[in-house]
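**Q** Positions annotated as ITP binding site by Swiss-Prot, on the basis of sequence analysis: 8-13, Lys48, 64-65, Lys81, 140-143, Lys161, 166-167. The Mg(2+) binding site annotation in Swiss-Prot covers Glu36 and rests on sequence analysis.
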Amino acid sequence: MKTINFITGNKNKLAEVQAILGDTIEVQNRAIDVPEIQGSIEEIAKEKCRKAAETVQGPALTEDTALEFNALKGLPGPYIKWFLEALGHDGLNKLLDPYEDKSIVAVCTFAFSSGPGAEPIIFQGKTEGRMVPARGLAKFGWDPIFEYEGNTFAEMDKDEKNLISHRYKALAKLKQWLAETYP
């Protein structure tokens, strides 16, 4: 079985990736700090992956998550980590207070590079939901405020979330590509 270096310091992301890809490829974790540029989701993902492949001198997989508020024309997008850190769950809800439209889209973008100098390939998944006041255990980012069909991600068990999440959808595409192209 081939091995891939998943570049993350987030143990929750690592567990999800290993659970979904584990039967296709061995996922090793490399917790290195890769600087992120500002730009579109795709630009950020590709540049992060290029730098990761150079750093590990081998195959690299990186992930970037965005949360797009439709009422705010896609903001905060790829900057959700910083918005969440600064505002918290309540503050993010307050951003949408003036708007009727509480719809949001979770976007997960994985980028894979076979090594230094190789152009990264993008695999993206999206899940539509709506912003709600925080419910459930706050173990993983904005899960308590992202509602999908009546439950927040934080209220779902891991297996249920892994079947419908933006991350799962992106990983399903990556998994298929790995099986067909990178055996």
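Backbone N, Cα and C define each Cβ position, glycine as well.
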**Q** Taking only same-chain residues 6+ apart in sequence, whose CB is under 8 Å from that of Lys11 (ITP binding site), what do you get?
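**A** Non-local contacts for Lys11 (ITP binding site): none found.
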**Q** Do you know offhand how many angstrom separate Lys48 (ITP binding site) and the residue listed as 'Mg(2+) binding site' by C-alpha?
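**A** A Cα-Cα distance of 6 Å.
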**Q** How many other Cβ atoms sit within 10 Å of the Cβ of Glu36 (Mg(2+) binding site)?
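**A** By my count, 16.
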**Q** Do any residues at least six apart in sequence from His166 (ITP binding site), in the same chain, have a Cβ closer than 8 Å to its Cβ, and if so which, in order?
**A** Thr65, Ala106, Val107, Cys108, Gly125, Lys126, Thr127
**Q** When you measure from the Cβ of Trp142 (ITP binding site), which residues in the chain that are at least 6 apart have a Cβ under 8 Å away?
**A** Leu67, Ile80, Leu84, His89, Leu92
**Q** Identify which of the binding-site residues Thr8, Lys48, Lys81 has its Cβ surrounded by the largest number of other Cβ atoms within 10 Å, counting every protein chain shown.
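**A** Result for the most crowded candidate: Lys48.
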**Q** Using DSSP with the three-state reduction, classify His166 (ITP binding site) as helix, strand or coil.
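**A** DSSP assigns His166 (ITP binding site) to helix.
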**Q** Please classify the secondary structure at Lys11 (ITP binding site) using three-state DSSP.
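**A** In three-state terms, Lys11 (ITP binding site) counts as helix.
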**Q** Between Thr8 (ITP binding site) and Glu36 (Mg(2+) binding site), what C-alpha distance do you get in Å?
**A** 13
